[in-house]
Amino acid sequence: MDGHVLLLVLAAALLHATWNSIVKGGSNKLFESSMNALGGGLGALLILPFLPAPAPESWGLLALSCCFHLTYYICISQAYDKVDLSMGYTIMRGCAPMITALALLLLGNHSSLTGWGGVLLLCLGTLTLTLEHVHKGARAADILICLRTSLVIAGYTLADGYGARASGNGVSYTCWIFFLNIFPIHAYVLWRHGGTYISYLRQRAATGKRRSRPSATARQG
């Protein structure tokens, strides 16, 4: 793997762990997930005018990925309502690569023994971080919630992998995913929670403004 590719992967992992921490730390995990989708989608919207449209062959996979992501936001919110971040994140991310690899095998994509060994070591190494929780008597129901989320992660990983290749431009496909993901999760949240979500957004915005004032004052001083 090229050095710059490795750096991009590590940066993506850091950002992903950060937003999971934010979701876990929020008082309402579903609302935090929705806000994350909103922020990512609006950021992607700034880039989309400068990118070519994805090829029509990828549009169905775009729609499928949006369905998977909606399910993912709901599942991860429920998981973080039940389990600790150190347990939930490691199970979800430790199992998803193996599930994805097995799905690819069923779809006729064969990997080398080295590739399978790498996936196995990655998954086992990640899952060892959950041993403490298992020894402390982690509930089977909580583990199943995390495994369910792993299945959804594998689903959108496959959809996006095939979709990015079919689109003709992986960056454009990814930005469209970020942008389109705004709508299903917000339709769901507004349908289920309506004004409560709007109030939560206003509260978080007010908190951000209060926290930014000391920084602005310090710069002026």
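Just so it is clear, glycine is given a Cβ too, placed from its N, Cα and C backbone atoms.
Among the residue ranges 37-55, 113-131, the one that TrEMBL annotates as transmembrane segment is 113-131.
Which of 143-159, 194-210 counts as transmembrane segment depends on TrEMBL, and there it is 143-159. As a quick check, the transmembrane segment (171-191) and the transmembrane segment (58-75) clear the bar of 3 or more Cβ pairs under 8 A, pairs 6 or more apart, so the two touch.
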